[in-house]
Structure formats: structure tokens, C-alpha cells
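Visitor: Attaching a single structure in C-alpha cells format; questions to follow.
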Amino acid sequence: MKLCAVIIASLLVCVAVASSSDNQKEFAQEKEMTREETQSLGEHEKDDEVTGSEERSCIEEWKTCENDCECCGMSTLCAASWVDGHQIKLCRNEGGKLKKVLHFIQKSVSKIKSCRK
């Protein structure tokens, strides 16, 4: 019975942590400065000529990135992997926090059921 109580308590903690990390990510995105605010107009026009019509607001999945804020979508993260001794950062869809929380709930329920046997 104590194990079941511990599992339920850990489930509640995980849900609280998942919701607070989503709030932190939204806060970081609100505070991020736009390209126009950080560069002069001349530099911005020069970059447009070099890159053409490339979209800068967000990077699509499986393209290179520097941090999570650059990737499109809430569940997409900038994940690092090593290829031939070099670190490459790519935007990857990690399935989101909700999917991980639901999977944890499913595992917890199955453990609670096994506690009762």
C-alpha cells in the first residue's frame, strides 16, 4: 500500500514539473528579441540578400539549430548528436511533455494494479 502511495505522489510531482517547464518555455519565447530589434536595418537587408527567402522565425524539423527557441512547434527540441566525432544539433520532435506524462501515468496505473495482486 505504501508503494502505491509513493507512485501516486511521484505522478503528481511529474505533472507539476511538466506544467511548470511549459510555462518557462513560453516565458522564454516571449522575452526573446526579434531580429529587427537586435540588428540595424542595413545589416538585416544584407542578410536577406545572402540567404534569399529562407524563413528565420523557426527552423523546421531535422535542420540544424543552436537552441530550442529556434525550432518550430512546442514539442520540437534542439537535440545534439555526435556524427564522426562532430556534434550536430538538429530540431527533433520529442513528442512533447504531454505524451511523456501520459506514458508515465500508464506505467503507474499498471504498477498500482500489480500492487493489489
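From the backbone N, Cα and C atoms, a Cβ is placed for every residue, glycine too.
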Visitor: Going by Swiss-Prot, which one of Cys91, Cys115 is joined to Cys71 by a disulfide bond?
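Guide: Checking Swiss-Prot, the candidate bonded to Cys71 through a disulfide is Cys91.
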Visitor: Have a look at Swiss-Prot and say which candidate in Cys65, Cys69, Cys72 forms the disulphide with Cys78.
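Guide: Swiss-Prot annotates a disulfide bond between Cys78 and Cys65.
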Visitor: Given the disulfide-bonded residues Cys58, Cys71, Cys72, Cys115, state which is nearest to Cys65 (disulfide bond) when distance is taken between Cα atoms.
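Guide: For Cys65 (disulfide bond), the spatially nearest of the disulfide-bonded residues is Cys71.
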Visitor: Where's the emptiest Cβ shell within 10 Å among the disulfide-bonded residues Cys65, Cys69, Cys71, Cys91?
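Guide: Comparing Cβ neighbour counts within 10 Å for the disulfide-bonded residues Cys65, Cys69, Cys71, Cys91 gives Cys69.
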